[in-house]
Amino acid sequence: MAEEVQKQPQETLALVEEEEVVVTDVPQSEKAAATVEKEQPHVPEAEEPPKPNPVEEEPAAEGTELPKPGDTDAKVPQSGSFKEESTRVADLPNIEKKALEELKQLIQDALNKNEFTTLASSPPPPPPKEEEKPAAVEEKEDQKPAEEKPSEVAADVPPMAQEEPAKPESETPEETKEGAEKKAEPENEETVAEQVTETVVATEVIEKKDAVDDDGAKTVEAIEETIVAVSSSVQQEQPPPPPANDAEDQKAAAPSEAEEKDAKTEDSAPLPPDEVSIWGIPLLADERSDVILLKFLRARDFKVKDAFTMIKNTVRWRKEFGIDELLEEDLGNDLEKVVFMHGFDKEGHPVCYNVYGEFQNKELYQKTFSDEEKRQKFLRWRIQFLERSIRKLDFSPGGICTIVQVNDLKNSPGPGKRELRQATKQALHLLQDNYPEFVAKQVFINVPWWYLAVNRMISPFLTQRTKSKFVFAGPSKSVGTLLGYIAAEQVPVKYGGLSKDGEFGTTDAVNEITVRPAAKHIVEFPVTESCLLAWEVRVLGWEVSYGAEFVPSAEENYTVIIQKARKVASSEEPVVCNSFKIGEPGKVVLTIDNPTSKKKKLLYRLKIKSSSD
């Protein structure tokens, strides 16, 4: 549901009349310089590849990634099919196997060094030393007021050295200490230069302060910053304190040294390796981990370092976004008609429907996008929905670990909805960066002409592999397009299928028959014993005559009319449901008379129950 967020290309505006566009099979890349906004916000960290500039009118699609500019390959023939790459390591080319092993090694090293924990926690810069150092600086200033004040006025160090011999012997103890220190200072500029090169870091810091303070520009804060940078050196290299006068001073110094040793011992103790999971699967646990890593590698064209960077960024983002906590949140069900999972395609992929026309409801639109707080809630809801859907996928090698997206653009808000554009742009980035290779196919139905025009403009920026995942169909071709990828029993009734609440389920297969123009088609259900026969019939677009009757096997018995032939208009109930209790061998006959000049698609299925039901 994670998956890669990408845009759709078109062939020409003539497609508007053709109404259906299928784009081809090809290698995938990352992100394009020009892109269209996506829905499956409705998702993508600081990735190294450049991010696309989304076109505002397009919905975000989950997990599709746009390629880099110039990645198109005009020589690749277009076709309507796209075969997913294998998720079994044994099926990979040697170069891809090698890339996978290299990525696993990088991840193992990072886990051993706790790099993922560091990324996830993202601690702020350590303030403790910054807070302690200023205090130390203030102490020094209190202890040497006589020394610092002259330095702020004096032109250079030598004059200070010349004044020292003139100091009286009756100085206070503090002054005596300062005088003793000053006597150790050189008395001329040459000696000062030599001494500066040999002095400790702490002395350098103080002398730099003196030199800069000559013009009164240096402040105490600047000194503090300099001292913070060399805090450890200051503590170790400062002139030794005068010898302890008694045993109490020595005992006081001993605990501090012991504490330092203990701290060093704790710091040097090896931390256990990280345990990092994505979508509930540890990064280096078993074969399922390989399937996850292959998604990141394919999203980065098997560039190992780029894939590794993407994984680290994803781990950090998931921690910052609070994905684990998000899964447990109750964000309401106001949007359940906008995005929902329903059924599977013919290859077993779960199908997610995105119905943008629902946002024509002004109340729902305002409730979802009217301010930043609501847009953020919408984003969290969409990511929560995607995460829960992904957890249901099968990440074992050869399993189904991608989703089919169906995007219904009927009555969708146009380019003028600024709030919707902002939300989809934000979602697009998250999906691109954090949900790679989760889309098996993007099917756009009820596509308006302007949408096709926009996609034609961005087509040159998409790889053939990316294009191969996109299918576009105008209003009159939408149902037929969906039924090409999804069986009728899995397609909701509103989209032309037979899936609805009732006695029939998704396991009851549907038969599809084409009724030719100006022709009559007969469907027979033979019955050999007493039973209750139920059936459902649908003709896409209807405008045909439909009738049903029971014909007994015994010639002497009469035919029973179940449904008198009548014309069914397209505006009537899309599915006709009938049942008939049969007490003797015979057959149920359905008659579909198509008087129009267009071929029609007939969908039907039946179920036999015990007559006692």
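Each residue, glycine too, has its Cβ placed from N, Cα and C.
The feature compositional bias 'Basic and acidic residues' is assigned by TrEMBL to 36-50, 82-94, 128-151, 164-186. The domain 'CRAL-TRIO' annotation in TrEMBL covers 328-503. TrEMBL lists 507-608 with the feature domain 'GOLD'. What TrEMBL records for 1-94, 111-200, 231-273 is region 'Disordered'.
Long-range contacts of the compositional bias 'Basic and acidic residues' (82-94) within the same chain, counting only residues at least 6 positions beyond its ends with a Cβ under 8 Å from a Cβ of the stretch, are 24-26, 100, 287, 290-291, 294, 298, 397-399, 401-402, 440-441, 465, 468-469. Taken residue by residue, the domain 'GOLD' (507-608) breaks down under DSSP into 0 helix, 66 strand, 36 coil. Secondary structure of the compositional bias 'Basic and acidic residues' (82-94), assigned with DSSP and counted as helix (H, G, I), strand (E, B) and coil, comes to 4 helix, 0 strand, 9 coil.
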